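*Asks:* Below are the features I grabbed from Swiss-Prot:
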type	residues	note
SIGNAL	1-21	signal peptide
CARBOHYD	N82	N-linked glycosylation site
DOMAIN	96-384	domain 'Peptidase A1'
CARBOHYD	N104	N-linked glycosylation site
ACT_SITE	D112	active site
CARBOHYD	N209	N-linked glycosylation site
CARBOHYD	N261	N-linked glycosylation site
ACT_SITE	D278	active site
CARBOHYD	N315	N-linked glycosylation site
CARBOHYD	N320	N-linked glycosylation site
Amino acid sequence: MMGPFFYFTAYVSLLFAFTQALPTINGATAGLFSIEQKQYRSNRVNWPPYELWRTLRKHHRPPPRGMTAVSRIKAYGEHTINGTVEVTPSEYDTEFVNEITVGNDTLYVDIDTGSSDFWVFSSQLPEQSQRNHRIYHPEETGTKLPKHTWESKYGDGTGAAGNVFLDKVNLAGLKVSSQAVEAATWVSYEFVDQQTTDGVMGFGFDNFNLTCLKHQAPGFYDFGFIDGTKHVGKPTYLPIDSLRGWWETTFNGFSAGDIDNSTYRFKAVIGINFELPDTGTTFMLLPKQITEQYYSTVPASMYDRNNGGWAFPCNTTLPNFTIHINDHKAIVPGEHIRWAQLPGTNTCFGGLQPVNNPPAILGGTFLKSQFVIFDYDGPKIGFAAQRN
(Lines of atoms letter the chains of each structure in order from A and count residues from 1; the text may use other names and numbers.)
(Lines give C-alpha, C1' and ligand atoms only; values in the text may rest on other atoms or scores of the structure.)
Protein backbone atom coordinates (compact mmCIF):
# COMPACT_ATOMS: atom_id res chain seq x y z
CA MET A 1 0.00 0.00 0.00
CA MET A 2 2.97 2.34 0.51
CA GLY A 3 3.57 2.75 -3.24
CA PRO A 4 0.33 4.54 -4.17
CA PHE A 5 0.31 6.65 -1.01
CA PHE A 6 3.83 7.89 -1.76
CA TYR A 7 3.06 8.84 -5.32
CA PHE A 8 -0.34 10.35 -4.59
CA THR A 9 1.20 12.54 -1.88
CA ALA A 10 3.85 13.76 -4.30
CA TYR A 11 1.19 14.61 -6.87
CA VAL A 12 -0.95 16.56 -4.40
CA SER A 13 2.06 18.59 -3.30
CA LEU A 14 2.76 19.60 -6.89
CA LEU A 15 -0.89 20.50 -7.41
CA PHE A 16 -0.72 22.86 -4.45
CA ALA A 17 2.41 24.48 -5.85
CA PHE A 18 0.59 25.27 -9.09
CA THR A 19 -2.85 26.26 -7.81
CA GLN A 20 -1.57 28.64 -5.14
CA ALA A 21 0.22 30.59 -7.85
CA LEU A 22 -2.84 31.23 -10.00
CA PRO A 23 -6.33 31.26 -8.43
CA THR A 24 -8.33 31.47 -11.67
CA ILE A 25 -7.62 29.67 -14.95
CA ASN A 26 -9.74 30.11 -18.09
CA GLY A 27 -12.85 30.81 -16.01
CA ALA A 28 -12.44 27.69 -13.88
CA THR A 29 -11.86 27.70 -10.13
CA ALA A 30 -8.44 27.11 -8.64
CA GLY A 31 -7.01 23.71 -9.48
CA LEU A 32 -9.36 23.09 -12.41
CA PHE A 33 -7.76 23.39 -15.83
CA SER A 34 -7.35 21.71 -19.20
CA ILE A 35 -4.36 20.89 -21.36
CA GLU A 36 -4.72 20.37 -25.11
CA GLN A 37 -1.97 18.42 -26.81
CA LYS A 38 0.06 19.93 -29.64
CA GLN A 39 0.63 18.13 -32.92
CA TYR A 40 4.26 17.24 -33.64
CA ARG A 41 5.49 16.04 -37.02
CA SER A 42 8.32 13.59 -36.45
CA ASN A 43 10.57 11.93 -39.01
CA ARG A 44 11.47 9.17 -36.59
CA VAL A 45 10.51 5.70 -37.78
CA ASN A 46 9.53 3.35 -34.98
CA TRP A 47 9.93 -0.38 -35.40
CA PRO A 48 6.70 -1.89 -34.01
CA PRO A 49 8.28 -5.02 -32.45
CA TYR A 50 10.71 -2.82 -30.53
CA GLU A 51 7.86 -0.68 -29.22
CA LEU A 52 6.07 -3.84 -28.05
CA TRP A 53 9.24 -5.10 -26.38
CA ARG A 54 9.71 -1.73 -24.67
CA THR A 55 6.12 -1.77 -23.37
CA LEU A 56 6.52 -5.30 -22.01
CA ARG A 57 9.81 -4.34 -20.38
CA LYS A 58 8.25 -1.30 -18.74
CA HIS A 59 5.65 -3.52 -17.10
CA HIS A 60 8.21 -6.19 -16.16
CA ARG A 61 6.76 -8.76 -18.56
CA PRO A 62 8.91 -11.27 -20.47
CA PRO A 63 9.09 -10.76 -24.27
CA PRO A 64 7.67 -13.45 -26.58
CA ARG A 65 10.03 -16.38 -27.04
CA GLY A 66 10.57 -15.71 -30.74
CA MET A 67 11.54 -12.08 -30.20
CA THR A 68 15.28 -12.58 -29.72
CA ALA A 69 17.68 -10.00 -28.33
CA VAL A 70 19.43 -9.88 -31.71
CA SER A 71 16.24 -8.98 -33.56
CA ARG A 72 15.39 -6.29 -30.99
CA ILE A 73 18.79 -4.65 -31.27
CA LYS A 74 18.74 -4.92 -35.06
CA ALA A 75 15.25 -3.44 -35.25
CA TYR A 76 16.09 -0.53 -33.00
CA GLY A 77 19.46 0.21 -34.58
CA GLU A 78 18.29 0.27 -38.19
CA HIS A 79 14.90 1.93 -38.00
CA THR A 80 15.54 5.32 -36.44
CA ILE A 81 15.53 8.76 -38.01
CA ASN A 82 18.69 7.86 -39.96
CA GLY A 83 17.33 4.51 -41.14
CA THR A 84 17.11 3.45 -44.75
CA VAL A 85 13.42 2.54 -44.76
CA GLU A 86 11.11 5.38 -45.78
CA VAL A 87 7.79 5.59 -43.94
CA THR A 88 5.41 8.52 -44.30
CA PRO A 89 4.08 10.02 -41.05
CA SER A 90 0.49 9.10 -41.98
CA GLU A 91 1.36 5.43 -41.71
CA TYR A 92 1.74 5.89 -37.96
CA ASP A 93 -0.58 7.60 -35.55
CA THR A 94 0.39 11.27 -35.50
CA GLU A 95 2.48 12.26 -32.50
CA PHE A 96 1.16 14.79 -29.99
CA VAL A 97 3.00 16.52 -27.18
CA ASN A 98 2.31 18.91 -24.30
CA GLU A 99 3.81 22.39 -24.61
CA ILE A 100 5.21 24.26 -21.60
CA THR A 101 7.43 27.28 -21.07
CA VAL A 102 10.31 27.08 -18.59
CA GLY A 103 12.13 30.37 -18.10
CA ASN A 104 12.24 31.77 -21.64
CA ASP A 105 12.31 28.38 -23.36
CA THR A 106 9.41 26.48 -24.94
CA LEU A 107 9.63 22.71 -24.48
CA TYR A 108 7.51 19.63 -25.19
CA VAL A 109 7.05 17.25 -22.24
CA ASP A 110 5.29 14.02 -21.41
CA ILE A 111 2.66 14.23 -18.68
CA ASP A 112 3.18 11.23 -16.41
CA THR A 113 1.03 10.29 -13.42
CA GLY A 114 3.37 7.39 -12.76
CA SER A 115 6.22 9.60 -11.52
CA SER A 116 6.65 12.70 -9.39
CA ASP A 117 9.69 14.40 -10.96
CA PHE A 118 9.58 17.41 -13.29
CA TRP A 119 12.74 17.33 -15.37
CA VAL A 120 13.76 18.72 -18.75
CA PHE A 121 16.61 18.65 -21.25
CA SER A 122 19.02 21.47 -20.43
CA SER A 123 22.09 23.29 -21.70
CA GLN A 124 24.06 21.41 -19.02
CA LEU A 125 23.82 18.19 -21.03
CA PRO A 126 26.70 17.10 -23.28
CA GLU A 127 26.24 18.56 -26.74
CA GLN A 128 25.58 15.15 -28.33
CA SER A 129 22.68 14.57 -25.90
CA GLN A 130 21.06 17.89 -26.84
CA ARG A 131 20.75 17.13 -30.55
CA ASN A 132 17.30 17.59 -32.09
CA HIS A 133 15.78 18.66 -28.75
CA ARG A 134 14.46 21.94 -27.43
CA ILE A 135 16.65 22.97 -24.48
CA TYR A 136 16.09 24.77 -21.16
CA HIS A 137 18.82 27.34 -20.38
CA PRO A 138 18.90 27.63 -16.58
CA GLU A 139 21.94 29.91 -16.64
CA GLU A 140 19.78 32.62 -18.26
CA THR A 141 16.73 32.72 -15.97
CA GLY A 142 17.07 30.11 -13.22
CA THR A 143 18.36 30.22 -9.65
CA LYS A 144 20.40 27.14 -8.75
CA LEU A 145 19.63 25.39 -5.47
CA PRO A 146 22.98 24.56 -3.82
CA LYS A 147 23.60 20.91 -2.94
CA HIS A 148 20.37 19.84 -4.67
CA THR A 149 20.64 17.03 -7.21
CA TRP A 150 18.17 14.47 -8.56
CA GLU A 151 17.98 11.13 -10.35
CA SER A 152 14.94 9.45 -11.95
CA LYS A 153 14.71 5.83 -13.06
CA TYR A 154 11.73 4.30 -14.86
CA GLY A 155 10.31 0.81 -15.17
CA ASP A 156 11.64 0.37 -18.71
CA GLY A 157 15.24 0.93 -17.60
CA THR A 158 15.50 4.54 -18.81
CA GLY A 159 16.59 7.40 -16.59
CA ALA A 160 17.93 10.91 -16.15
CA ALA A 161 19.83 12.96 -13.53
CA GLY A 162 20.99 16.50 -12.92
CA ASN A 163 20.76 19.73 -10.90
CA VAL A 164 17.80 21.69 -9.50
CA PHE A 165 16.86 25.30 -10.30
CA LEU A 166 14.02 27.62 -9.38
CA ASP A 167 12.42 29.27 -12.40
CA LYS A 168 9.12 30.45 -13.85
CA VAL A 169 6.90 27.83 -15.53
CA ASN A 170 3.82 28.25 -17.72
CA LEU A 171 1.57 25.25 -18.42
CA ALA A 172 -1.66 25.91 -20.34
CA GLY A 173 -1.89 29.40 -18.84
CA LEU A 174 -1.12 28.12 -15.36
CA LYS A 175 1.84 30.25 -14.22
CA VAL A 176 4.27 29.56 -11.40
CA SER A 177 6.89 32.19 -10.65
CA SER A 178 9.28 30.00 -8.63
CA GLN A 179 8.93 26.32 -9.52
CA ALA A 180 11.57 23.69 -8.80
CA VAL A 181 12.85 22.51 -12.21
CA GLU A 182 15.18 19.55 -12.57
CA ALA A 183 17.72 20.39 -15.28
CA ALA A 184 19.22 17.24 -16.79
CA THR A 185 22.98 16.80 -16.95
CA TRP A 186 22.60 13.15 -18.05
CA VAL A 187 19.80 11.28 -19.85
CA SER A 188 19.70 7.70 -21.14
CA TYR A 189 20.01 7.23 -24.89
CA GLU A 190 16.31 6.32 -25.22
CA PHE A 191 15.33 9.87 -24.21
CA VAL A 192 17.92 11.36 -26.56
CA ASP A 193 16.47 9.28 -29.40
CA GLN A 194 12.89 10.27 -28.50
CA GLN A 195 13.00 13.61 -30.30
CA THR A 196 9.33 14.43 -29.77
CA THR A 197 9.73 15.24 -26.08
CA ASP A 198 12.18 17.23 -24.00
CA GLY A 199 11.40 15.96 -20.53
CA VAL A 200 8.79 14.59 -18.14
CA MET A 201 6.29 16.43 -15.96
CA GLY A 202 5.21 14.00 -13.28
CA PHE A 203 2.19 14.98 -11.21
CA GLY A 204 -1.21 13.93 -9.97
CA PHE A 205 -4.11 15.70 -8.34
CA ASP A 206 -6.19 15.61 -5.21
CA ASN A 207 -9.63 14.32 -6.45
CA PHE A 208 -9.36 13.01 -9.99
CA ASN A 209 -7.52 13.15 -13.28
CA LEU A 210 -9.35 12.75 -16.54
CA THR A 211 -8.07 11.98 -20.00
CA CYS A 212 -9.75 12.21 -23.36
CA LEU A 213 -7.22 11.11 -25.98
CA LYS A 214 -8.03 11.14 -29.70
CA HIS A 215 -7.10 9.04 -32.72
CA GLN A 216 -4.93 11.18 -35.05
CA ALA A 217 -6.14 14.37 -33.36
CA PRO A 218 -5.14 16.31 -30.24
CA GLY A 219 -6.50 14.95 -26.97
CA PHE A 220 -7.28 16.71 -23.70
CA TYR A 221 -6.35 16.30 -20.06
CA ASP A 222 -8.86 17.86 -17.65
CA PHE A 223 -7.73 18.12 -14.04
CA GLY A 224 -10.11 18.51 -11.12
CA PHE A 225 -13.40 18.45 -13.06
CA ILE A 226 -15.47 16.47 -15.56
CA ASP A 227 -16.36 18.28 -18.79
CA GLY A 228 -19.79 16.98 -19.80
CA THR A 229 -19.36 18.31 -23.34
CA LYS A 230 -16.65 15.73 -24.06
CA HIS A 231 -18.60 12.53 -23.39
CA VAL A 232 -21.96 10.92 -24.15
CA GLY A 233 -24.14 9.41 -21.44
CA LYS A 234 -23.45 8.89 -17.76
CA PRO A 235 -20.01 7.45 -16.92
CA THR A 236 -19.90 3.89 -15.61
CA TYR A 237 -17.59 3.43 -12.62
CA LEU A 238 -15.63 0.42 -11.45
CA PRO A 239 -13.79 0.05 -8.13
CA ILE A 240 -10.00 -0.01 -8.22
CA ASP A 241 -7.82 -2.67 -6.64
CA SER A 242 -4.87 -0.52 -5.55
CA LEU A 243 -3.04 -3.19 -3.55
CA ARG A 244 -0.17 -3.19 -6.06
CA GLY A 245 -0.24 0.55 -6.61
CA TRP A 246 -1.87 0.32 -10.07
CA TRP A 247 -5.16 1.48 -11.56
CA GLU A 248 -6.38 -2.12 -11.75
CA THR A 249 -9.98 -3.26 -12.12
CA THR A 250 -12.03 -6.20 -13.39
CA PHE A 251 -13.99 -6.25 -16.66
CA ASN A 252 -16.83 -8.67 -17.30
CA GLY A 253 -16.57 -9.60 -20.97
CA PHE A 254 -15.64 -8.69 -24.52
CA SER A 255 -16.92 -8.97 -28.08
CA ALA A 256 -15.43 -8.79 -31.58
CA GLY A 257 -17.14 -9.42 -34.90
CA ASP A 258 -19.55 -12.33 -34.41
CA ILE A 259 -17.93 -13.30 -31.09
CA ASP A 260 -19.74 -12.21 -27.93
CA ASN A 261 -18.17 -13.47 -24.72
CA SER A 262 -19.99 -11.67 -21.92
CA THR A 263 -18.87 -14.12 -19.24
CA TYR A 264 -15.09 -13.85 -19.66
CA ARG A 265 -13.92 -11.82 -16.67
CA PHE A 266 -10.39 -10.42 -16.70
CA LYS A 267 -8.34 -7.97 -14.69
CA ALA A 268 -6.58 -5.10 -16.41
CA VAL A 269 -4.39 -2.15 -15.53
CA ILE A 270 -5.42 1.12 -17.16
CA GLY A 271 -2.39 2.85 -18.67
CA ILE A 272 -1.98 6.23 -16.99
CA ASN A 273 1.32 7.35 -18.45
CA PHE A 274 -0.08 10.01 -20.76
CA GLU A 275 2.43 9.74 -23.60
CA LEU A 276 0.89 9.49 -27.05
CA PRO A 277 1.39 7.65 -29.25
CA ASP A 278 4.63 5.72 -29.31
CA THR A 279 5.97 5.82 -25.76
CA GLY A 280 4.61 4.64 -22.48
CA THR A 281 1.82 2.10 -22.70
CA THR A 282 0.67 2.25 -26.32
CA PHE A 283 -0.79 -1.22 -26.78
CA MET A 284 -3.77 -3.13 -25.50
CA LEU A 285 -2.12 -6.18 -23.95
CA LEU A 286 -4.83 -8.76 -23.26
CA PRO A 287 -4.99 -12.45 -22.32
CA LYS A 288 -3.97 -14.85 -25.07
CA GLN A 289 -7.51 -16.27 -25.35
CA ILE A 290 -8.95 -12.82 -26.08
CA THR A 291 -6.35 -11.87 -28.68
CA GLU A 292 -6.67 -15.22 -30.46
CA GLN A 293 -10.46 -14.86 -30.63
CA TYR A 294 -10.17 -11.30 -31.94
CA TYR A 295 -7.69 -12.15 -34.70
CA SER A 296 -9.75 -15.19 -35.67
CA THR A 297 -12.17 -12.60 -37.09
CA VAL A 298 -9.41 -10.83 -39.08
CA PRO A 299 -8.81 -12.36 -42.55
CA ALA A 300 -5.21 -13.42 -43.27
CA SER A 301 -4.00 -12.41 -39.81
CA MET A 302 -1.15 -14.41 -38.31
CA TYR A 303 1.04 -14.53 -35.23
CA ASP A 304 4.47 -13.40 -36.42
CA ARG A 305 6.94 -15.24 -34.19
CA ASN A 306 9.95 -13.34 -35.51
CA ASN A 307 8.44 -10.01 -34.51
CA GLY A 308 6.65 -11.31 -31.43
CA GLY A 309 3.10 -10.21 -32.22
CA TRP A 310 -0.04 -10.42 -34.35
CA ALA A 311 0.10 -8.92 -37.84
CA PHE A 312 -2.16 -8.73 -40.90
CA PRO A 313 -2.26 -7.27 -44.43
CA CYS A 314 -2.51 -3.50 -44.21
CA ASN A 315 -5.51 -3.38 -46.56
CA THR A 316 -7.57 -5.56 -44.21
CA THR A 317 -10.74 -4.09 -42.71
CA LEU A 318 -10.53 -4.70 -38.97
CA PRO A 319 -13.59 -5.36 -36.79
CA ASN A 320 -14.26 -3.26 -33.71
CA PHE A 321 -13.26 -4.63 -30.32
CA THR A 322 -15.60 -4.09 -27.37
CA ILE A 323 -14.93 -4.40 -23.64
CA HIS A 324 -17.95 -4.97 -21.41
CA ILE A 325 -18.05 -2.66 -18.38
CA ASN A 326 -21.20 -3.66 -16.52
CA ASP A 327 -23.95 -2.34 -18.83
CA HIS A 328 -21.58 -0.03 -20.71
CA LYS A 329 -19.84 -1.19 -23.88
CA ALA A 330 -16.44 0.45 -24.49
CA ILE A 331 -15.90 0.22 -28.26
CA VAL A 332 -12.39 0.37 -29.72
CA PRO A 333 -12.72 1.05 -33.48
CA GLY A 334 -10.93 -1.50 -35.64
CA GLU A 335 -8.96 1.27 -37.31
CA HIS A 336 -7.30 2.06 -33.97
CA ILE A 337 -6.01 -1.53 -33.80
CA ARG A 338 -4.15 -1.03 -37.09
CA TRP A 339 -1.20 0.27 -35.09
CA ALA A 340 1.72 0.52 -37.52
CA GLN A 341 3.09 -0.79 -40.79
CA LEU A 342 6.20 -2.95 -40.64
CA PRO A 343 8.66 -0.84 -42.69
CA GLY A 344 9.38 -2.22 -46.14
CA THR A 345 6.35 -4.53 -46.14
CA ASN A 346 2.60 -4.47 -46.76
CA THR A 347 2.02 -5.98 -43.33
CA CYS A 348 0.64 -4.07 -40.35
CA PHE A 349 1.34 -4.73 -36.67
CA GLY A 350 -1.66 -4.83 -34.35
CA GLY A 351 -2.26 -2.52 -31.40
CA LEU A 352 -3.90 -5.48 -29.65
CA GLN A 353 -1.32 -8.04 -28.53
CA PRO A 354 -1.22 -10.94 -26.02
CA VAL A 355 0.35 -10.82 -22.57
CA ASN A 356 1.27 -14.03 -20.78
CA ASN A 357 0.89 -12.98 -17.16
CA PRO A 358 -2.08 -11.14 -15.64
CA PRO A 359 -3.19 -8.46 -15.27
CA ALA A 360 -3.88 -7.23 -18.79
CA ILE A 361 -2.84 -3.68 -19.74
CA LEU A 362 -5.08 -1.16 -21.51
CA GLY A 363 -2.88 1.54 -23.02
CA GLY A 364 -3.19 4.16 -25.73
CA THR A 365 -4.95 1.93 -28.29
CA PHE A 366 -7.82 1.68 -25.81
CA LEU A 367 -7.65 5.13 -24.19
CA LYS A 368 -7.77 7.24 -27.35
CA SER A 369 -11.29 6.02 -28.12
CA GLN A 370 -12.61 6.44 -24.57
CA PHE A 371 -13.51 9.14 -22.07
CA VAL A 372 -11.80 7.93 -18.89
CA ILE A 373 -11.97 9.36 -15.36
CA PHE A 374 -9.25 8.54 -12.82
CA ASP A 375 -10.91 9.34 -9.49
CA TYR A 376 -8.82 9.11 -6.32
CA ASP A 377 -11.99 9.25 -4.21
CA GLY A 378 -12.62 5.54 -3.77
CA PRO A 379 -10.43 5.07 -5.71
CA LYS A 380 -12.48 4.33 -8.79
CA ILE A 381 -12.31 4.66 -12.54
CA GLY A 382 -15.08 5.83 -14.88
CA PHE A 383 -15.75 5.13 -18.55
CA ALA A 384 -17.99 6.80 -21.13
CA ALA A 385 -18.14 7.19 -24.90
CA GLN A 386 -16.33 10.19 -26.34
CA ARG A 387 -18.43 12.88 -27.95
CA ASN A 388 -17.18 13.33 -31.52
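Glycine residues also receive a Cβ, built from the backbone N, Cα and C atoms like all the rest.
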*Asks:* May I ask for the distance between N320 (N-linked glycosylation site) and N104 (N-linked glycosylation site), taken between their Cα atoms and rounded to an integer number of Å?
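*Replies:* Here the two Cα atoms lie 46 Å apart.
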*Asks:* Cα-Cα separation of N315 (N-linked glycosylation site) and N261 (N-linked glycosylation site), in Å?
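*Replies:* Per the Cα atoms, N315 (N-linked glycosylation site) and N261 (N-linked glycosylation site) stand 27 Å apart.
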*Asks:* Starting from each candidate's C-beta and looking 10 angstroms out, tell me which of the glycosylation sites N104, N261, N315, N320 has the most other C-beta atoms.
*Replies:* N320
*Asks:* May I ask you to report the DSSP-based helix, strand or coil state of N320 (N-linked glycosylation site)?
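*Replies:* Where N320 (N-linked glycosylation site) sits, the three-state DSSP reduction gives coil.
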*Asks:* Quick check for the class: what is the C-alpha distance, in angstrom and rounded, between N261 (N-linked glycosylation site) and N104 (N-linked glycosylation site)?
*Replies:* 55
